[in-house]
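Take a look at the following structure, please.
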Amino acid sequence: MSSPYLNNIIVVGCMLTYTSVILLGMDSGLSSESNFPYICAARAWVLMSGFTLAFGSMFSKTWRVHAIFTNIKLNKKIIKDYKLFMVVGVLVMIDVIILTTWQIIDPFYRETSTGAPLPSPENEDIEIIPELEFCQSNNMTIFLGSIYAYKGLLMAFGCFLAWETRHVSIPALNDSKYIGMSVYNVVIMCVIGAALSFVLREQQDAAFIIISIFIMFCST
């Protein structure tokens, strides 16, 4: 009942989130300005898919532990693995619908801003004007808000299930406590990381380092 196949999905999700770190570090300097919107789309798809596969699998396993623990007639309620796969599948489909709608209605474009001029180390008469580039869309706030609301509710419910099953000890579900701890860690890191991504928007180097550390910590 530990669902090794579901554990494999968690591993795939973690691999995708690791890949998203590489995509977050890419810019038009490694490709071209015309390809930058595709990099933005890849970041969104890979990170969201990885999160949903990993956290969704942990969520479904925690839900099964909670359902078994709260059911008085234990032998009459068997939640098989295919039902857990269905839960993950529904969560993935919600992601696909949101991201597809976003890309069709309001695709990404490249937005730039210039920083304060810096003196050239080679010539005092030359100034270097740094240029920052961002992923942007006309209604980005609306789509991000819907994603954060949906993921926030999912994580809140996951925390509730993990808290309700914190004292459960079932030999057949030998990883239930570790899954609960992982749920707490992911929620805390995601909340802090999302907040810092807004605060450090103009400080891209610092934002990339901190967010990458958070992503790798959650996945590991």
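Positions of Cβ are set from backbone N, Cα and C atoms, glycine also.
Quantities reported herein were computed from a predicted structural model and do not represent experimental measurements.
From TrEMBL, here are the annotated features:
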DOMAIN    1-220  domain 'G-protein coupled receptors family 3 profile'
TRANSMEM  5-24  transmembrane segment
TRANSMEM  44-63  transmembrane segment
TRANSMEM  84-105  transmembrane segment
TRANSMEM  142-163  transmembrane segment
TRANSMEM  183-200  transmembrane segment
Please indicate, using numbers and ranges, the residues of the same chain that are 6 or more beyond the transmembrane segment (142-163) and have a C-beta under 8 Å from a C-beta there.
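Answer is 48, 51, 55-56, 58-59, 62-63, 65-66, 91, 94, 98, 102, 106, 179-181, 183-184, 186-187, 190-191, 194.
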By a Cβ-Cβ criterion of under 8 Å, what residues six or more beyond either terminus of the transmembrane segment (5-24) are in contact with it?
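Contacts with the transmembrane segment (5-24): 39, 42-43, 46-47, 49-58, 60-61, 81, 84-85, 88, 175, 208, 211-212, 215-216, 218-220.
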When you scan the chain for residues with a C-beta under 8 Å from the transmembrane segment (44-63), skipping those not six or more beyond its ends, what do you find?
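Long-range Cβ neighbours of the transmembrane segment (44-63): 3, 6-7, 9-10, 12-20, 23, 84-85, 87-88, 91-92, 95, 99, 102, 147, 151, 154-155, 157-158, 161-162, 165, 173, 175-176, 179-180, 182-183, 186, 190, 215, 219.
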Calculate the per-residue pLDDT averaged over the domain 'G-protein coupled receptors family 3 profile' (1-220) and state the result as an integer.
81
